[in-house]
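Features of the protein shown, as given by TrEMBL:
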- 1-24: signal peptide (SIGNAL)
- 227-250: transmembrane segment (TRANSMEM)
- 292-320: transmembrane segment (TRANSMEM)
- 326-350: transmembrane segment (TRANSMEM)
- 362-387: transmembrane segment (TRANSMEM)
- 393-415: transmembrane segment (TRANSMEM)
- 453-472: transmembrane segment (TRANSMEM)
- 484-510: transmembrane segment (TRANSMEM)
- 522-542: transmembrane segment (TRANSMEM)
- 554-582: transmembrane segment (TRANSMEM)
Amino acid sequence: MGRSGLALVLAILISLQGTILVRSDASDHRYKEGDHVPLYANKVGPFHNPSETYRYFDLPFCVTGNEKEKTEALGEVLNGDRLVSTPYELDFRTEKDAKLVCSRKLKKQEVAQFREAVKKDYYFQMYYDDLPIWGFIGTVDKEGKTDPSEYKYFLYKHIQFDILYNKDRVVEISARMDPNSVVDLTEDKEVDVDFRYTAKWKETDTPFEKRMEKYSQSSSLPHHLEIHWFSIINSCVTVLLLTGFLATILMRVLKNDFMKYAQDEEAADDQDETGWKYIHGDVFRFPKHKSLFAASLGSGTQLFTLTIFIFMLALVGVFYPYNRGALFTALVVIYALTSGIAGYTATSFYIQLEGSNWVRNLLLTGCLFCGPLFLMFCFLNTVAIVYSATAALPFGTILVIVLIWTLVTSPLLVLGGIAGKNSKSEFQAPVRTTKYPREIPPLPWYRSTLPQMAMAGFLPFSAIYIELYYIFASVWGHRIYTIYSILFIVFIILLIVTAFITVALTYFQLAAEDHEWWWRSFLCGGSTGLFIYGYCLYYYYARSDMSGFMQTSFFFGYMACICYGFFLMLGSVGFRASLLFVRHIYRSIKCE
């Protein structure tokens, strides 16, 4: 790759990791009275469509021509943040009372633009000293009116900023819209508007270090915590009962099997074998499409590692509320740095399965998750460009991501693949595989793949579905989620249940003398991802007010990629658990 390439990789990684680990309020801004503190406008958009956001000045607010765009990190751009300076002058500890920003005569099309925004419940978001502020741009008067054509639409023209400070630092800010200072937008006619603002300063004892706590308190309110803990206790009880029940059955059945097979060995040799011992010569026969299987296992292992790293960062407090773009930056960087794990896992397992074309296997591993994600991104980015939304990534950002993929992800994937090829590990099968496969006896319909996947996915999904609502309300809404410790416990429960249910179904499959368990265990483990996608349909229609083509395509498009990632991750967990179990039971008996 050369020294220049390596230097570029290091520069990208250092700059990106800086955006994850350095808190936005760590700049420790201190001000003197009268110092200029910039107020940045971020975006506007329909309140119920979190992905559909536009630049603040796409609406005809006051502009001076001196607005400057704030330089943003990769994660902020991916998050759809586009900060730009505003004409509001909120100098430190300087009070303003109904100060005029500008007087404007709104043309007919500008009135229609504002009216449409008010009709769709547009909100704005701003940042002052890295603290977020929200407000609605207008209000709809529906009182006593049943016909929507009679509704009246008003634009707020006066914002009051209430700012709390502690000595020489800003600690809190909120924006209130004056309901008595509005302009009627109901009719298509030119209107004169005086945009004004008020700034009130008040001292507080709240220390600067705790200024972000008010944003995380909403998810830690007692009634929310009660629901979270109820969800965990409910999940734990369900899981303990069912896993205990299954474990008891499995242990008893296996004990009986071991005793029976031990007696069979002492009895007459001509006695026919039955059950899972009967297929000992086929159970370790390598699966069909071994390259795809190894690639799926590699990608799933990488995504599992990525999830663990993200949880580690969350638990040490990196993703505090409104650390703009930190999660997206972390996902991009860690995914790039863990691609070697995918390469190593896939290629070493492919070699164990006596595969010969390891280069093709490595290419398949690299494209298995990134390929569908890239195609979905291309489609959704085109939709965002058509809508002129902030979700449309600029060319420079796309170039940075391509560079990361070319200079970090791909080389690490290849290095991992080469290490996996040279690992020279052999597949540890406790029994010999026969030359010709046995015929699988006819089985009832419920023992086929799809019914087994439905059974396997339902139990892990039932353990996480209550917590899913809070995650969806945070990702696809305006609720703040900060209780990562609870989420981590739920994730551990999900892994345990997935592993256990897959092992149980694998045992019943082998007991029915069906030896094609490799793909089945992967598909059964990953089937929870399909249940989560089914929950997406329920959430969209029953629990949210999202609407419009852009928001719908973003929701179902990106959730499809996330659920596909879950499918690969949990599928690899299910297969690994089944492989340990199958090796254990066949090692425990003597097979001719």
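Backbone N, Cα and C define each Cβ position, glycine as well.
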Proximity of the transmembrane segment (522-542) to the transmembrane segment (453-472), 3+ C-beta pairs under 8 angstroms: yes
Highest-contact recorded stretch vs the transmembrane segment (227-250), from 326-350, 362-387, 453-472, CB pairs under 8 Å: 453-472
Seg_contact(the transmembrane segment (362-387), the transmembrane segment (453-472)) with at least 3 CB pairs under 8 angstroms, min sep 6: no
Within-chain partners of the transmembrane segment (326-350) [C-beta distance under 8 Å, separation at least 6 from its ends]: 13, 16-17, 19-20, 73-75, 78-79, 290-291, 294-295, 297-299, 301-302, 305-306, 309-310, 313, 318-319, 358, 361-362, 364-366, 401, 404-405, 408-410, 412-421, 423, 425
Listed stretch, out of 393-415, 453-472, 554-582, that has the most CB pairs under 8 angstroms to the transmembrane segment (292-320): 554-582
For the transmembrane segment (554-582), sequence-distant contacts whose Cβ falls under 8 Å of one of its Cβ atoms, 6 or more beyond its ends: 51-52, 283-284, 296-297, 299-301, 303-304, 307, 368-369, 372-373, 376, 379-380, 383-384, 391, 456, 460, 476, 494-495, 498-500, 502-503, 506-507, 510, 517-518, 521-530, 532-533, 536, 540, 546
